[in-house]
Amino acid sequence: MAKRKPKYAVDKNKSYEAEVIDLTYEGMGVVKIDNYPLFIEGALTGENIRFKVIKTNKNFGYGRLEEILTESPDRVEIENKIYSNTGTMPLQHMTYEAQLKFKQDQVSNNLQRTAKIIDIPVYETLGMDEPYGYRNKAQIPVQMVDGALETGTYRQRSHDLIPLEDFKIQDPEIDRAIVIVRNILRKYQIEAYDEVALTGLIRHLIIRRGYYTGELMVVLVTNGSHLPHQEEIVDEIIEALPDTVSVMQNINDKNTNVILGRKSHVLYGEDKYRDRLLDFTFEISHQSFYQVNPIQTEKLYQTVIDYADLTEDDVVVDAYCGIGTISLALSRHAKQVYGIEIVEDAVQNAERNAAINQVDNAKFFVGASEEILPQWAEEGRQVDVLVVDPPRKGLEEDFIEASLIMAPERIVYVSCNPATLARDVKYFTENGYQAVKAQPVDMFPQTLHVESVVLMTKE
Ligand SMILES: C[S@@+](CC[C@H](N)C(=O)[O-])C[C@H]1O[C@@H](n2cnc3c(N)ncnc32)[C@H](O)[C@@H]1O
């Protein structure tokens with residue numbers, strides 16, 4: 001007997017009208033038809049809309065926005081629709097004030113509503129005066145389009161390249177550099193990699209730029225080691241972009257979505273460029289993490305310094321320290337800082353950064369924080385302030401357990417994911433800590449990413 005289709009409150013491909021009652025963490029408008037929730041991209045809270053149902057699941061569905069019947073005051077006109085196809089600026093239809101509020105709500109919803117940490121104040125998001133042109137790093141896919149090597153960005157949820165020269169949220173000097181390198185590669189008839197046929201050479205172009213130094217690093221990610229006309233290409237890059245201090249080739253010959261391969265070598269200069277933050281100079285190698293929004297990074301780090309509230313007798317652990325940026329910023333206020341970082345290149349940068357900034361009270365350790373901290377706890381090491389800045393998945397239980405044994409007076413948690421932040425803060429608050437305050441910082445305007453800092457103290 002044929003299976004009967006399940007019946008939902010709505011029918012697929014039919015249009016409905018409803019009021020948008022909320023936004024999801026992915027920025028989609030939420031409507032309800034007979035209590036059945038549907039998510040609609042591009043709709044804003046408070047708007048009355050007409051939408052067509054495009055997908056139905058057991059507990060919720062998705063709709064496509066057809067018409068906005070009454071518009072939210074938070075809506076701004078999108079000048080160029082191309083960015084709606086790229087997905088690089090998913091909040092571009094919202095005023096910047098509304099974006100900041102959306103991010104504050106993400107942090108407070110996760111901490112207060114989901115994790116039930118109700119007494120923590122979540123402050124207004126620290127925003128930018130000019131929320132465009134901020135990214136100091138571009139990782140640009142390269143493809144052949146109509147016979148020409150093109151740089152741009154993928155169409156949303158695909159690997160089809162949309163050629164683009166103005167990325168809006170990147171440093172305009174980086175946009176300019178991408179076009180220059182693209183034209184040089186075209187001149188020497190270098191083929192882009194084809195990920196279906198597995199032929200061709202150039203996969204990605206990575207450009208990083210020091211905001212305060214202007215120094216440029218250019219990385220050509222190639223499928224194979226031989227780069228025809230290597231010398232001419234490198235010479236032309238340096239001539240056209242005289243601020244270039246490093247040209248690297250990274251070889252990635254695997255059939256994978258991962259951008260960087262394991263092997264790299266220097267084609268010009270050294271494997272590093274420099275930038276400055278809070279009066280420190282940092283050397284950054286191509287494998288190392290470095291915050292992408294320099295103006296906001298200084299606000300983020302200043303919040304960490306304020307929340308850490310150090311005295312000159314304090315010993316600090318900066319876990320997930322990258323190239324030692326937070327460690328050095330805190331070293332001025334502490335007796336000793338210990339950084340932990342899993343990427344070896346980043347630790348080498350951190351050590352060198354301590355040396356070039358004449359910091360002699362910061363030491364760095366290569367390894368997983370969830371392995372190193374438990375060792376330190378077992379050795380009975382003392383720590384007064386613990387700073388953590390983990391990747392999106394948050395902290396491992398072994399790490400939290402070790403922190404509880406070491407029992408620092410203050411824990412400053414820097415997070416790029418409010419959901420794992422709330423999960424981890426809850427764990428701490430159930431084990432002898434209280435959450436004191438939370439400060440969202442907008443590191444990624446026009447996008448859904450939410451960064452925040454939380455202070456916890458020992459009860
Ligand atoms: C969000 S970044 C923060 C880096 C640094 N605090 C900063 O502001 O530039 C997270 C860092 O954690 C490192 N990392 C990832 N997993 C790790 C682990 N298990 N143990 C130690 N470091 C890790 C990454 O390589 C990266 O440098």
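Cβ atoms are placed via backbone N, Cα and C, with glycine included.
Automatic, uncurated: that is what TrEMBL annotation is.
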TrEMBL S-adenosyl-L-methionine site partner of Gln291, Tyr320, Asp389, selected from Glu270, Glu341, Glu370, Glu409: Glu341
Pairwise Cα distance for Asp389 (S-adenosyl-L-methionine binding site)/Cys416 (active site) [Å, integer]: 8
Additional residues around S-adenosyl-L-methionine, ordered along the sequence, whose Cβ is within 8 Å of the centroid of Gln291, Tyr320, Glu341, Asp389: Phe289, Asp318, Cys321, Gly322, Thr325, Ile326, Pro390, Val414
Fewest Cβ neighbours within 10 Å, where candidates are the binding-site residues Glu341, Asp389: Asp389
For the domain 'TRAM' (9-67), the number of residues DSSP places in helix, strand and coil: 0 helix, 33 strand, 26 coil
For S-adenosyl-L-methionine, whose listed binding residues are Gln291, Tyr320, Glu341, Asp389, the greatest C-alpha pairwise distance in Å: 15
Long-range Cβ environment of Tyr320 (S-adenosyl-L-methionine binding site), under 8 Å and at least 6 residues apart: Ile340, Glu341, Ile342, Ser369, Val388, Asp389, Pro390, Pro391
Cys416 (active site) versus Gln291 (S-adenosyl-L-methionine binding site) - Cα distance in angstrom: 11
